[in-house]
Amino acid sequence: MGILFTRIWRLFNHQEHKVIIVGLDNAGKTTILYQFSMNEVVHTSPTIGSNVEEIVINNTRFLMWDIGGQESLRSSWNTYYTNTEFVIVVVDSTDRERISVTREELYKMLAHEDLRKAGLLIFANKQDVKGCMTVAEISQFLKLTSIKDHQWHIQACCALTGEGLCQGLEWMMSRLKIR
């Protein structure tokens, strides 16, 4: 009886899960958002403020907020943290010069009270570019193994082709099932 109730509940439970997509400017956040929502590449320009789209996967609704990553906008990221269940950090795998800035912003976010229960998905974007940092290198630079208070996953991807994006969403879905 309990299994039947659970299955029926899942059919009609239309709870929305808030996701924020952050990262430095030109990392590919908006391209990823529109790959999720339209399954295609759209021409983007730097995001001033945010873009928001609802993504539905197997009756699970995600409200995804893509937040601008320019230096002048990063201080406002915390205004989006309330009720966030997942943080997607998009890393430009070709940008070795700013990986330390990404690490600094990541740990600022993780220290915020409103994100204490949020899961963390890191997309290592632009993996199609020769000479880019590998997932292992990015993991090491970001010191991901030191993160103990958040469930996290790093996923190689290419926003332009969509490669790797579904695996990231599958990880998020698996985290929801555990709760």
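Quick reminder: no glycine exception, Cβ is built from N, Cα and C everywhere.
The annotation GTP binding site is assigned in Swiss-Prot to 23-30, 66-70, 125-128, ALA159 on the grounds of similarity to another entry. The Cβ of ILE67 (GTP binding site) lies under 8 Å from the Cβ of ILE20, ILE21, VAL22, LYS29, THR47, GLY49, SER50, LEU73, SER76, TRP77, TYR80, each on the same chain and at least six residues away in sequence. In the three-state DSSP assignment, the secondary structure recorded for ILE67 (GTP binding site) is strand.
Residues or ranges marked as N-myristoyl glycine by Swiss-Prot: GLY2.
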Q | Same chain, 6+ residues apart, C-beta under 8 Å of the C-beta of GLN70 (GTP binding site), given in sequence order | A | ASP25, PRO46, ILE48
**Q.** Long-range Cβ environment of GLN127 (GTP binding site), under 8 Å and at least 6 residues apart
**A.** SER93, VAL135, ALA156, CYS157, CYS158, GLU163, GLY164
Q. CB neighbours of ASN26 (GTP binding site) within 10 A?
A. 17
